[in-house]
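A.B. asks: Quick one: structure below, then a few questions.
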Amino acid sequence: MRKLIGLLALVLVFGSFSPNTGNAAGFNDVSSDYIFYDEVVYLSSKGYITGYGDNTFKTGDTVTRAQAAIMIGRALGLNGDPRDTKFSDVVANVTGSGYIASAVDKGIISGFADGTFRPNQPVTRGQMAIFLNRAFTLNAGNVNNFTDVSANMASYQAIINVASNGIAGGYTDGTYRPDQHLNRGQFSAFLARTLEPSFRVDPLAKPVPAPTPQPSPVPIPNPEPTPDVNSGTYVIPGAPTSFQNCTAMREYYPSGVQSSHPAYASKHDRDNDGWACER
């Protein structure tokens, strides 16, 4: 009986942690068809990323400066012990305070002139490039294929480096969009590519633009046939349907009318051939 009770206890303990094979690392909102599924699984297996209390990862949520510091700090093995920092808005009880302090000490990330760090501020694609370029050894790139990235930008060389190393690409319109915010899924992909080269993309490959929609052909209307008043069947709009004699009828219908015509009258069909006032 004691062995049975012990066995049941083990089942209860370990059964509650059974993995969800249909989702990434137990995140119930990251399915196997998610574009960055493999990258999320990789980072989660390393302990570099974690989810929320409801077992979600929330890939579409904007990644914050604090979250970026935490993920990079874990990947580098930095000291994440909660502690006060030099920033007025990051004290020991702020989530990620230890990783923020360590990342600042390593020169990976910095604060603002007013003495704040702004941990909840969203991270842009340009800032992401700077953080990763500072944190990891990336080969220097020298080719700029982006129309919106210029040499006078603070993030210029970092963007060129992450692009040249296959960590981040651009858009089909030739832009990089350095000021665009990143979501948690995208940042995870860039971090995974930095750490594991097998995830990287071909830096020389250009995105295939979406096909340009072709305008639907404008139908060419078929012209209405020219009315033939000599056909014997055509009815002239507004014309009389009763005539005293053929002379009057021929003013409208020079060749007369057939028996199906509303102006036909047997008195005008002298030869009884079904055609009145024909010539």
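Note that Cβ sites are derived from N, Cα and C of the backbone, with glycine treated the same way.
Predicted automatically and left uncurated, TrEMBL annotations should be read as such.
Pulled the feature table from TrEMBL, pasting it below:
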- 1-24: signal peptide (SIGNAL)
- 23-82: domain 'SLH' (DOMAIN)
- 83-146: domain 'SLH' (DOMAIN)
- 147-205: domain 'SLH' (DOMAIN)
- 204-229: region 'Disordered' (REGION)
- 206-226: compositional bias 'Pro residues' (COMPBIAS)
- 257-279: region 'Disordered' (REGION)
- 266-279: compositional bias 'Basic and acidic residues' (COMPBIAS)
A.B. asks: On the 0 to 100 pLDDT scale, where does the domain 'SLH' (23-82) sit on average?
C.D. replies: 92
A.B. asks: With DSSP as the yardstick, break the compositional bias 'Basic and acidic residues' (266-279) down into helix, strand and coil residue counts.
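C.D. replies: Secondary-structure composition of the compositional bias 'Basic and acidic residues' (266-279): 3 helix, 2 strand, 9 coil.
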